[in-house]
Each structure stands twice: as structure tokens, then as C-alpha cells.
Amino acid sequence: MIKVDLQHSGLSIADLNEAKVKKVHEMIINKSGKGNDFLGWIEWPKTFDKKEYEEMKKVASSLRNKIDVLVTVGIGGSYLGIRAADEMIRGINHSDKVQVIYAGHTMSSTYVAQLSEYLKGKKFGICVISKSGTTTEPGIAFRALEKQLIEQVGVEASKELIVAVTDSSKGALKTLADNKGYPTFVIPDDIGGRFSVLTPVGIFPLLVAGVNTDNIFAGAIKAMDELVQGDLTNEAYKYAAARNALYNAGYKAEALVAYELQMQYTAEWWKQLFGESEGKDNKGLYPTSMIFSTDLHSLGQWVQEGARNVLFETVIKVKEPVANMLVEADTDNYDGLNYLSGKSFHEINSTAIEGVIDAHVNTGKMPNIVLEFDKMNDVQFGYLVYFFEIAVAMSGYLLEVNPFDQPGVEVYKYNMFKLLGKPGVK
């Protein structure tokens, strides 16, 4: 369901260090590398708790019938994967019953105040997601939203409208939820935040949204079954090895390029996955993203003629659109675009992909890796999640870093807590 095309990358199979790929594969399978206690995601699509899943379906169905808006409260891996899935699968301007909106991913007072105003008089529920319950952004957002919901519907009714996804037995959020009677679902101990979208972190909100999560798991299982080879016939490993080869050739940044607006947050999720997994020990590609053709009208000039040997592109090419439209002829043809009449928007978009790759690669000397996707749907989303997760494990180990920790984020947190006067921080 994802094919890696390297014909525009400037790389040959000989450049991809297959011998090292095979060694790293053994590390992953045997769980002998750094961070091996966070490899629970590898078997998760087949081994997740089916009893908990059925309970999630029941609670989600009940909540869905009571609300028009679900506010998910979380940040990082407790935010990006949910939004990536919802927008890729349901689209941006959908008309489904339940709207999903987000809080706890920013400390902007303006955003929180406007969100509060928007929710006044609306039937809304809350899914708060945090392993510890002490993360600043979701913590303060949940305080405000919980208070507002209780004021709107009362304490007893709120117990059926608030769900927590958190630790199985400990932590501030687990304690709060148990004390107040909110249902809880479990964030596994052996799966890090950026790998958690297929756990209750992502699955519960998506169930409330009405997404077919069985199909998401089916896609992930298909990826598990297909991406088993320990060599470069494994498409995920081929992608990881190619980006590693370009890094070793001196490239500093990788831009994930999508031509579909509803994949914007898939790219945001990908940035966290690769940025937190690889950006350590003064190593790692800087992950960025662009949405074409939109960003061709802003960043296209830099990509075409800016500094060379800094950036390469990884282009997502979707073969089948979710929906399609034809360009109609106009009698006056004021814009001179009648030559496109009868063509579909997707055909024009696909042609743009080919033209842009040709311009960036052959004229601009910008390496391109192309990832060919079948379509944008629930099965494909499950597949791409597993594809990128196994790819980043390989890529991180090729880089000889621990792909499963993120020690660098503690520095800014310490400084912020010190300035805010958090007890115990000096």
C-alpha cells in the first residue's frame, strides 16, 4: 500500500548499506537495541486488549449520541496522530455528526478563550489524554474546559461526557478521573507518545468521531504482514536507508511534501515522529513539510534555486482521490483555462506532481524520494502509521541513536518551570 520510488533520489541500491540494514533489523526483532523497552507498538495491531477495545466502542457510542462536539485535550503524540487520522480519513470540511476540535496543544490565552466562547451552548464532551496528568498545556486547558462543562450541564451529567486516557494505575489524571467517576482507558507503558496513535490515545477519539477503527487496525496489520523482510525488499527499510544515505551525503533537512490538504496533519505527525526520534547527539535530519501546490507559491522559489545540498524532498503521491471533479468549459474563457476543460482536478494535480518533480530534480538538483499511496482512507492510514513507525526505528538505529527517548525536551521545561515558580524547581 506504500511503494518507495528512488528513481529521482540520485541513489542506487548500492548506496543504501543493506548489510547494516540487516543488522539493525535483527536488533529490532530481538529487541536488543537502545530503548527496547518502548517497542510495544511492534506487535500492538495484533495483540492489543480486545476487551478494552470493545469497552471503548460502548463508551464512545454512548458519548457520540450525547454530543455534537468532542474536545480532545492533549499535546504532541496525544494530539497530532488524532488530528492526522481524522483529517485524512474524514476530510477537513466534512458534515459528519460529531466535530472534533483540539485543546491542550497550546498555551495561547486567545485560543483557549475563543474555544470557550465557541463551546457556549453547544453539546460537547471532553477526551483528556495524558500519561501523567501533569503536562502543563493539557493540564491547564482541561481545568478550564472541565469547569465550563460542569457549569453547563452539572456535575452528574458531566460524568458521562468526560473520558480520560491515561496510565493504568497511577498519576494525577488517573487519580482525578477515578475520584470524579470519569471512565478511563490505558496508555501502554511500553509505547511512547509519538508511537501511540493506534492505542486508546488515538482510537477512542476516532471512535467518537465515527471513524471505522477496525479498518485502521486492518491497515496496520497488513503493514505488519508485508513489512517483515530484513532487507531492502522491505519498503519501509528502503525509505529509511535512502534518507540515511542522503544524510550521510551531507543533506541536513527532509521535507515531506503532500499534494492533498487533508494530509497536512499527517505531515505534522510525521515531523514529531522523526524529529523526536532522531534529533539527538547532534545528529539527525531536520524534518519539515510542505503542502503543494499551495507552498509552491511561497517556498517554491527557494526549493528551485535556494541553497543546494541542504534539503531533499519526500513526496507523497496519492493514486486515487476520495472525490473528484471535472473542470468545466466557460463560454467567455476570460482566464484562458478552457484547455483544461474536461480534465479532472485529480488529473491536473497528478500532472503537477510530475512537472514539479522534474523541475526540482533535473533543473534544481534537489533529490526526491517518492512514496506512492493507494488512496486516503482508514485502511491506508493504519498502514502508513505502521510504515513510518518501523521506518523511524530503522532510521534511528542506522543513525546510532536511541529512537525512543527525547531527553532534550526537558531543558526548556526546566527553564519554564523555574520562571513560573513551580515548587521544587530551583
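Numbering starts at 1 and runs along the chain as displayed.
In case you wondered, yes, glycine gets a Cβ from its N, Cα and C as well.
As annotated by Swiss-Prot, active site, proton donor applies to E276, with the evidence given as sequence analysis. Of all Cβ atoms in the shown protein chains, 24 besides its own fall within 10 Å of the Cβ of E276 (active site, proton donor). According to its DSSP assignment, E276 (active site, proton donor) is helical.
Counting every protein chain shown, 9 other Cβ atoms lie within 10 Å of the Cβ of H297 (active site). Sequence annotations record features per position, and here Swiss-Prot assigns active site to H297 (among others) based on sequence analysis.
Here Swiss-Prot flags K413 (among others) as active site, drawing on sequence analysis. The 10 Å shell around the Cβ of K413 (active site) contains 13 further Cβ atoms across the protein chains shown.
According to its DSSP assignment, H297 (active site) is helical. The distance from the Cα of E276 (active site, proton donor) to the Cα of K413 (active site) comes to 15 Å. Across the structure, K413 (active site) and H297 (active site) are spaced 36 Å apart at their Cα atoms.
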